[in-house]
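Worksheet: one structure, shown below.
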């Protein structure tokens, strides 16, 4: 029993981890997720169905706790639970996942876990708790105002009805349950904003409003995808390179509307692969996915455990068409568990279910844990440069930057700190220009672009300075305007100083003439 509780906790905690530190917000939660995922891999039972049962319980616990947190956040009651619960603006709900769409996907996975439990264990005494759990998750799902969450919920309902109809039994009761769930979700989506307005006097995120107006700003996905398609057309065969989308977006001048944020992901997995690795590889990836789904025939699946795995993969896949959940540890773990279960429970040629090798699993887990431990130590080392001297670990206090520069895993993070913590001046311009140009590939932020422009100007590289000035103005118009105003004030101050010095010299000369 203690081992089983620990395994459930290993699945639950990555979804609930509230802490972060250092320069990369997602780094610590990701390393925690990978470490716990490796432990689950090492200790998970040999029986795949038992493993998925533990995982589904972990998903259900995570969804219920996150749903409760989401409602606290929505109505502004989460403050006393900080730092164990992330703080949100009233009317916002994202649990400890920091993004409403991620919470929405977790809640739908939780609903899938409830469906699996009810399918496997038909008991009258379990009906009320199942409905109570589902109701909490549906209301929390409405609080997220997530459009992709709505699509995932409708997909779950369609899958449940289809599988029940294919199974030939109880499909009418499944239809009634699905209708009731959708009705509760719709009621919550309509009444939650009204309740917030009535209790807090504030307008929260409303699903109906987002369905009508959310794509009307420069941060909309429609503009984002148009920009990404333009970038794909520039380099269709090999793409811009892995991790280069943000730089490609910064360096490109568009003839039409421009997505007005730093763009580090295409918010669509096939498009992201196409823009960074090329159209041929994206087509190969999509073809492989379609072929695997066709071979797997999820629409004909009758086993409840395999249906759960297909359902989780389906909602992660839907989410991956509008964001990038697979860049986060909890979704990677969920996807890996489901793929593993579908693989090991596939009908073998001789009709025997293949048995995973525990020794191999534990060896892989040990390698992952060792790599994660090294990454965590290295991240702690480079994070010291972002801390005040008195808060640094004693061993790094005297030469934090020197220690950080020894990192190869986080070299880009260290270079970024090096570039952005000092101004471009004549003495360092020869070093600053190539370093800042490299830092643009890591994170093309305004302060990096400014150092590129100013160091290029100091070195007489006016063509390069003008090229990046045009990109800076297009990508960050507000920051560009502030920079121009700041330069104008500095020039005015220098002019005033020169004028005052000139007037002083003239006065001194006149005084000398008078004395003579």
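Easy rule for this one: first residue shown is 1, then count along the chain.
Glycine too: its Cβ is placed from the backbone N, Cα and C atoms.
Tertiary proximity for the transmembrane segment (24-44) is limited to same-chain residues at least six positions away from its ends with a CB under 8 Å from its CB atoms, namely 3, 6-7, 10-11, 13-14, 17, 51, 54-55, 98, 327-330, 332-333, 336, 361-362, 364-366, 368-369, 372-373, 375-376, 379, 413. Here TrEMBL flags 24-44 (among others) as transmembrane segment.
Residues 4, 7-12, 15-16, 40, 44-45, 81, 85-88, 90-97, 103, 106-107, 109-114, 116-117, 133, 136-137, 139-141, 143-144, 192, 195-196, 199-200, 204, 305, 308-309, 312, 330, 334, 337-338, 341 of the same chain lie 6+ residues outside the transmembrane segment (51-75) yet bring a C-beta within less than 8 angstroms of a C-beta in it. Annotated transmembrane segment per TrEMBL: 51-75 (among others), in sequence order.
In the predicted model, the domain 'Protein glycosylation ligase' (93-114) shows an average pLDDT of 97. Look at TrEMBL and you will find 93-114 tagged as domain 'Protein glycosylation ligase'.
Per TrEMBL, transmembrane segment is recorded for 100-117 (among others).
As annotated by TrEMBL, transmembrane segment applies to 124-142 (among others). Only residues 6 or more beyond the boundaries of the transmembrane segment (124-142), in the same chain, are considered here, and those with a CB under 8 A from a CB of the stretch are 60, 63-64, 66-68, 70-71, 93, 103-104, 107-108, 110-111, 114, 117-118, 149, 153, 181, 184-186, 188-189, 192, 207.
Per TrEMBL, the feature domain 'O-antigen ligase-related' maps to 132-286.
According to TrEMBL, the transmembrane segment annotation covers 148-165 (among others).
The annotation transmembrane segment is assigned in TrEMBL to 177-196 (among others).
Summarising the annotation, TrEMBL assigns transmembrane segment to 277-296 (among others).
As annotated by TrEMBL, transmembrane segment applies to 308-327 (among others).
The domain 'Virulence factor membrane-bound polymerase C-terminal' annotation in TrEMBL covers 308-487.
Taken from TrEMBL, the feature transmembrane segment applies to 333-352 (among others).
Look at TrEMBL and you will find 359-377 (among others) tagged as transmembrane segment.
Among residues of the same chain six or more beyond the transmembrane segment (148-165), those with a C-beta under 8 A of the stretch's C-beta atoms are 100-101, 104-105, 107-108, 111-112, 115, 138, 141, 171, 174-175, 177-178, 181-182, 185, 207, 299, 301-302, 307, 310-311, 314-315, 318-319, 321-323.
According to DSSP, the secondary structure content of the domain 'Protein glycosylation ligase' (93-114) in residues is 15 helix, 0 strand, 7 coil. Remote same-chain residues near the domain 'Protein glycosylation ligase' (93-114) are listed as 15-18, 25, 56-57, 59-60, 62-67, 69-71, 73-74, 85-86, 130, 133-134, 137-138, 140-141, 143-146, 148-149, 152-153, 156, 181, 205, 308, 311-312, 315-316, 319, 322-323, 325, 328, 330-331, 334 (criterion: CB distance under 8 Å, separation of at least six residues from the stretch ends).
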